[in-house]
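A.B. asks: Below you will find the structure I want to go over with you.
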Amino acid sequence: MTTFSPREIVSELDRHIIGQHDAKRAVAIALRNRWRRQQLDESLRDEVMPKNILMIGPTGVGKTEISRRLAKLAGAPFIKVEATKFTEVGYVGRDVEQIIRDLVEIGIGLVREKKRAEVQAKAHQSAEERVLDALVGSTASPGTRESFRKKLRDGELDDKEIDIEVADSGSGMPGFEIPGMPGANIGVLNLSEMFGKAMGGRTKKVRTTVSKSYTDLVRDESDKLLDNEMIQREAVKSVENDGIVFLDEIDKIAARDGGMGAGVSREGVQRDLLPLVEGTTVSTKYGPVKTDHVLFIASGAFHVAKPSDLLPELQGRLPIRVELKPLTKEDFRRILTETEASLIRQYKALMATEELDLDFTDDAIDALADVAVHLNSSVENIGARRLQTVMERVLDEISFNAPDRGGSAVKIDQEYVKKHVGDLAADTDLSRYIL
């Protein structure tokens with residue numbers, strides 16, 4: 001897991017998300033606390049519970065983006081789920097325990113990648129032997145093998161086609177749940193896996209070039225060197241101690257005032273979430289997984305519902321509240337220019353593929369920010385996503401005609417922006433439908 005300090009985590013998030021300092025700080029502290037807990041001695045470590053976070057803020061201000069960037073930073077099993085996808089236990093749909101099962105799968109993937117990297121050198125050696133077998137046959141004399149090995153290492157044989165045998169990972173047949181046994185997902189795939197192991201594993205013949213064959217062969221050879229049971233044990237431990245679950249759209253499962261019935265995918269889901277957030281044991285096909293130390297970060301826009309509409313017990317289990325602020329004109333300007341993969345940089349790169357050079361002046365960027373702020377205040381506040389609508393509208397004509405204008409340069413200034421979106425932005429009725 002990551003050993004970044006809170007300041008480093010915040011500065012990493014700053015590269016992609018403008019503003020929202022409070023939310024970044026809360027997330028950075030929570031992530032650092034995971035590392036701090038690991039440094040404690042055994043007796044105290046069990047007592048330190050994660051402080052779950054609730055992020056509240058209008059749509060399009062960076063809640064989901066913070067979670068996406070955090071996933072890359074965490075270096076720990078991390079899963080982002082929408083609360084709206086789940087239904088109460090007993091109804092058709094996914095129950096919330098599936099979150100932990102998916103998290104374990106992610107944990108296994110992480111541990112396997114780490115272990116593969118450790119045996120990379122040995123696996124590469126074995127892969128080279130298999131490529132030589134395919135090139136000269138296993139009965140060739142040592143002298144022939146060595147001369148081909150030299151050519152292989154010099155890259156002279158990279159484009160030569162060879163037939164190799166690689167493990168067949170199955171046809172991806174869907175599994176099915178056994179009623180009354182959640183988590184015991186038995187499928188055709190599992191049965192074929194069982195038979196495959198009994199018969200020494202299934203393989204398939206693939207025709208490929210020497211250079212491309214290495215990826216499959218190295219993976220194949222590394223998997224032979226790995227101990228699957230140890231990987232599963234380590235992954236379950238990693239999920240129990242370092243797992244992070246990001247619950248998006250939590251406000252959509254809050255009960256509205258005056259609504260009739262509990263709502264299959266509303267209050268019922270909240271009730272099912274309670275034990276998960278508090279700490280329970282979930283049965284997975286890799287064994288039981290305790291959720292006592294899994295960190296939950298929930299977020300929601302809370303346009304219609306309020307945080308107080310959530311079940312009181314669930315509110316109590318999300319002790320850290322962070323409010324994200326609506327975006328100002330200056331924020332929009334910075335989003336367009338300062339983020340690492342800003343929209344302007346993206347459009348410039350896209351047009352450069354047609355040999356068209358886009359140049360945005362400072363007043364054009366101001367005008368774009370102005371239009372976005374105006375539309376957000378007069379129509380509906382959708383945050384930074386409004387910029388995409390405005391940019392698409394401004395660059396619509398250029399994008400369409402780009403292939404015919406290759407080799408030229410286009411300057412986009414304030415006049416150009418006003419010409420393309422000014423009239424729409426001014427007419428509120430029109431912009432309700434178009435922007």
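Note: Cβ is positioned from N, Cα and C throughout, glycine not excepted.
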A.B. asks: Need one residue: from D133, D242, D248, the one Swiss-Prot lists with I18, G60, V61, G62, K63, T64, E65, E313, R385 for ATP.
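C.D. replies: Swiss-Prot names D248 for this ATP site.
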A.B. asks: By the count of other Cβ atoms within 10 Å, pick out the sparsest of the binding-site residues I18, V61.
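C.D. replies: Lowest Cβ count within 10 Å among the binding-site residues (I18, V61) is I18.
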A.B. asks: Minimum Cβ neighbour count within 10 Å among the binding-site residues E65, E313: which residue?
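C.D. replies: Comparing Cβ neighbour counts within 10 Å for the binding-site residues E65, E313 gives E313.
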A.B. asks: Within 10 Å of the Cβ of K63 (ATP binding site), how many other Cβ atoms can you find? Include all protein chains, please.
C.D. replies: 26
A.B. asks: Reduced to three states, what secondary structure does DSSP give I18 (ATP binding site)?
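C.D. replies: In three-state terms, I18 (ATP binding site) counts as coil.
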